[in-house]
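Annotation source TrEMBL lists domain 'PAS' at 186-258. Positions annotated as domain 'PAC' by TrEMBL: 261-313, 379-433. Taken from TrEMBL, the feature domain 'Histidine kinase' applies to 451-672. For 695-813, the entry in TrEMBL reads domain 'Response regulatory'. What TrEMBL records for 744 is 4-aspartylphosphate.
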């Protein structure tokens, strides 16, 4: 790659490391401040390599030029190359400097550094990890900084030549003193060297009576050698009047010191006015203090000083609040923003210290910070409240203080960057207040919904339950109509409450989808079975088409899937009369264990006009006002369905025309399940509960609910005692045993939580294992967690259907009858009956008593087995297996016994074998069912 000819003989690394620290710091800091970025670099191109200067560490890094952003920057010699977001730019999105997760760059802007002949030499660039853009003012400022950087490069290149020349000069001067016969040759060589490196020399020797300028000094001042006397007096006359005081101070104060003094002076040239020069000199005096020798060199630093002045101007007009101070913390420059923020003028700051302008500041605190910075530290604070910083004005400040350098090793003072973030802090405070207010409102809303849910569900439990009981008692036709209307209204009200609670959970983000195995085909069958009576009332032919290519079990949230399907199928039946409703599940595509399934519910009902298709998915919206009047409903079902499907990564769609029926469909990705579902599906009904040996304690303070529950239990011939609160329940359970406790949560004197905890603390295994079922009108997850935390076994949400109560009795009383004939071993019941018959030898009473005792043993095993799983108690599991072993042998239940032995062999891992647990329970329930039919 072509680069500037003037530096080809000098290494780029040496040029970069030799740049004055204060100039590099000033340029890169200003570049970052102006462009609002976190990084700024100066780079130099040499051949095919890019050299990058780290402004703080002074390290120089080399990378291939074609691999960097600068490769593109150098193609644009005049403008500024900007990449707003490199991750989106096809040229850079795969670049490791962009993809690095810790230091990846998104934003880049760079300007080409051009030599005097127009060749690209390097770049000045700014970078940031976040995407960004520059406005016209920022772009123009970056260009100006680029030109000043180029001036620094030129100056550094000249200095490198000068350093070499001075070495030669030193050697030459030594040789002149040693060999006067070579003086003419050495003088000629000196002339050549000083001309080559653009350095002028002057000397005055009293002893040797020499007073002269070098030829190069004449040329630097615009004269031809010998145009005027090369005296110190003439040189002094060329010094700007404002700078002459510096020379006088030097002469009077220098004494006998040998140290070289460097001054920056303006000297008048013949044709171009005053220019800046760096004058370095040394004075030697005799014992009386008279000057014997004055020797020095002059270097043109005009371009550097112009750059410094321009940098000072940048500080003055920078949009950021910046101030520059010397070692005495006296102002050198201050931006207009600084003056504006702190109510200052230029007259207030020039020649004064920062402590003079901020008289209320904590001097000890800030002087310590300034002291550290003058030692090379960088101090900062992301936000500090400073009271009465100026004229009683207090503010929040974000600040950074860093040193600036005269040379590589010499610190010249400090630079202070500040940002007034008072408004931002106030906004944050207001946001926090608003957030706290919103959280309080959300908490109040949740509390209101919990209270509303409880207060509405409690009377609904009585209304729905009693209407169900009255309908089942063969009322007169006119009474039946009234009861059906009552039940319909109660169901609608309950549906509204449930929908409102679901919306609240969805909008609050409190619904977490489960990932458990469930039977999709069985789920659809259960939906059909639960809605078949409603379909028959509307003379609807309800059909299911389940693709045989789909497996039975999937991983997902069965509860929410049921809710979605119940909403869609229930709506289809509601709006259809004397026609067909079809549920279809079709395999679209299979990828490994993922199945893409199209689920649709199609009806031939009233249909929906196309302009209402989007409206029906909004909350509390239906196709038209007559819908709610004629068919009921709240307009929340489809809104909730769409939200739930969004959570599952799916979208619902509708195809419908008014009068032509509707099809609601969605596609969903489900993973095939490789284990049986955790929950067991029970067929519930009064006829399967063995009434003679079940007794329940009902702890409930609401009289209507007491009557309702007692009626349900009475209908199933289940014995029940009533307790009005937790205290009464504790007294009653100490005097007699119950197969189950139905425990209300909110009661006077002692609530259900405390009563349950006290029961679990009573001595004896019975109190630790007796099933306690919570009766709650609160359906929030927090309540459910509290229920289990209090030691309760399960919960029933009010209002509950009789079937749900009977299912719970089945599940926890130990008298569960599994009615899934396809899972029973063929002929198992006959084999068991024959075995019992062989023991009874024709004595039917003995056979029934024997079967009853064996059934009790299996029921005790099931209860113990469940407890060992919950408590991870391997020792108790082995005891239970040993106790049931003889019965398994009697009834030839080898498969059950083998599975128990297999489970025991897993030792500490036996709790994780969930599929094996279910198989053992299935076999045990089958034995209980068979024995129950005999007893």
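Numbers here mean position along the shown chain, with the first residue as 1.
Just so it is clear, glycine is given a Cβ too, placed from its N, Cα and C backbone atoms.
Unlike curated records, TrEMBL annotations are generated automatically.
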Applying the under-8 angstroms CB criterion, which one of 261-313, 379-433, 451-672 scores highest with the domain 'Response regulatory' (695-813)?
451-672
Intrachain C-beta neighbours of the residue listed as '4-aspartylphosphate', sequence separation six or more, cut-off 8 angstroms:
699, 700, 701, 702, 705, 752, 774, 775, 776
Using DSSP, how many residues in the domain 'PAC' (379-433) fall into helix, strand and coil?
12 helix, 35 strand, 8 coil
How many helix, strand and coil residues does the domain 'Response regulatory' (695-813) contain under DSSP?
59 helix, 24 strand, 36 coil
Can you tell me the mean pLDDT for the domain 'PAS' (186-258)?
74
Per-state residue totals over the domain 'PAC' (261-313) - DSSP helix, strand, coil:
12 helix, 30 strand, 11 coil
